[in-house]
Amino acid sequence: ACLARGETCKDDCECCDCDNQCYCPFDWFGGKWHPVGCSCAHANKYFCDHKKEKCKKA
């Protein structure tokens, strides 16, 4: 199962669709591991290719 937009996430690969990224506006620690304030959000079409490559194993 994947996460819809607005749901809390830890990694881009958890979010549904290739134009959905795990965005952390309040993550001052520079990684996706911080659980506070990270949620699936709309990404651009360039991100789509990056995510397909990164999340192939999923």
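Cβ atoms here come from the backbone N, Cα and C positions, even for glycine.
Residues or ranges marked as disulfide bond by Swiss-Prot: Cys2-Cys16 (among others). Spatially close to Cys2 (disulfide bond) yet at least six residues away along the chain are Glu14, Cys15, Cys16, Asp17, judged by Cβ distances under 8 angstroms.
In the three-state DSSP scheme, Cys9 (disulfide bond) is classed as coil. Here Swiss-Prot flags Cys9-Cys22 (among others) as disulfide bond, drawing on a curator's inference.
Look at Swiss-Prot and you will find Cys15-Cys40 (among others) tagged as disulfide bond, backed by a curator's inference. Taking all protein chains in view, 22 other C-beta atoms sit within 10 angstroms of the C-beta of Cys40 (disulfide bond).
In the three-state DSSP scheme, Cys24 (disulfide bond) falls into the coil class. The number of other CB atoms found within 10 A of the CB of Cys24 (disulfide bond), across every protein chain shown, is 21. Annotation source Swiss-Prot lists disulfide bond at Cys24-Cys38 (among others).
According to its DSSP assignment, Cys48 (disulfide bond) is helical. Per Swiss-Prot, the feature disulfide bond maps to Cys48-Cys55 (among others).
In space, Cys40 is the closest of the disulfide-bonded residues Cys40, Cys48, Cys55 to Cys9 (disulfide bond), judged by Cα positions. Fewest other C-beta atoms within 10 angstroms, among the disulfide-bonded residues Cys16, Cys22, are seen around Cys16. Cα proximity to Cys22 (disulfide bond) (within 10 Å) is found for the following disulfide-bonded residues from Cys40, Cys48, Cys55: Cys40.
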